[in-house]
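According to Swiss-Prot, the active site, schiff-base intermediate with D-ribose 5-phosphate annotation covers 23, on the basis of sequence analysis. Residues or ranges marked as D-ribose 5-phosphate binding site by Swiss-Prot on the basis of sequence analysis: 95, 156, 177, 178. Per Swiss-Prot, D-glyceraldehyde 3-phosphate binding site is recorded for 107, and the stated evidence type is sequence analysis.
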């Protein structure tokens with residue numbers, strides 16, 4: 001799959017008052033140039049689309065539009081940030097309604113951050129080499145205990161409880177697409193997920209907003225998928 005029709009993207013931009021994000025294929029510089037030219041607010045260099053380049057991601061520093069990129073671990077996150085990404089998200093399996101991959105990626109990144117925080121400074125160069133990440137970004141994570149950009153959860157989030165779980169695991173926010181639009185009552189579910197993110201440490205509130213939402217999207221087993229996006 002490829003970038004959406006620019007005409008449709010422009011129609012969406014004209015129809016809504018909120019920022020609009022659109023996907024480009026990994027490594028496809030021209031798709032990103034097109035989106036910037038038509039006035040998109042954010043670009044997602046996304047593994048959900050068929051990659052255009054299996055070696056290189058886009059040099060995001062050459063663009064004025066902010067990019068979001070996926071990451072399964074700290075090394076991937078810091079490499080994308082080194083290329084200019086302004087936001088990181090998990091590479092959960094989009095369209096599955098199964099949150100397990102997003103959970104795995106967030107736990108992995110948080111665990112690796114905790115290890116860096118207690119690492120002697122003289123070991124950071126080795127850690128940077130093992131992570132395949134820029135030394136200055138590794139040093140930042142050690143000193144601050146977090147990524148230098150915000151880290152969202154994405155992929156497989158289908159319920160208010162899923163969203164609250166990801167917030168409790170340490171993410172800064174969540175992306176939800178098919179989990180809302182493939183559910184029985186998209187508008188009500190969207191509002192409930194927003195409330196769950198705002199009140200992620202309040203089980204009673206999450207229980208309240210989870211009532212009467214109708215059927216959630218059908219969940220899929222990750223190990224039965226022919227293709228997993230996270231591997232891209």
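Quick reminder: no glycine exception, Cβ is built from N, Cα and C everywhere.
Sequence features, as recorded in Swiss-Prot, placed on the structure.
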{"residue": "23", "record": "active site, schiff-base intermediate with D-ribose 5-phosphate", "contacts (Cβ under 8 Å, 6+ apart)": "3, 4, 43, 44, 45, 46, 48, 49"}
{"residue": "95", "record": "D-ribose 5-phosphate binding site", "contacts (Cβ under 8 Å, 6+ apart)": "48, 177, 178, 182, 220"}
{"residue": "107", "record": "D-glyceraldehyde 3-phosphate binding site", "contacts (Cβ under 8 Å, 6+ apart)": "169"}
{"residue": "156", "record": "D-ribose 5-phosphate binding site", "contacts (Cβ under 8 Å, 6+ apart)": "92, 93, 94, 96, 97, 98, 99, 100, 101, 102, 162, 179"}
Subject >> Output field, D-ribose 5-phosphate shell: CB within 8 Å of site CB centroid, site 95, 156, 177, 178 dropped >> reply: 93, 94, 96, 97, 155, 157, 158, 176, 179, 182, 217
Original post:
Is the residue listed as 'D-glyceraldehyde 3-phosphate binding site' helix, strand or coil when read with DSSP?
Top reply: helix
**OP:** Work through the binding-site residues one by one (177, 178) and point out the residue whose CB has the fewest other CB atoms within 10 angstroms.
**Re:** 177
Original post:
What does DSSP say about residue 156 (D-ribose 5-phosphate binding site): helix, strand or coil?
Top reply: coil
Subject >> Maximum Cα-Cα separation (Å), residues 95, 156, 177, 178 listed as binding D-ribose 5-phosphate >> reply: 9
Original post:
Reduced to three states, what secondary structure does DSSP give residue 23 (active site, schiff-base intermediate with D-ribose 5-phosphate)?
Top reply: strand
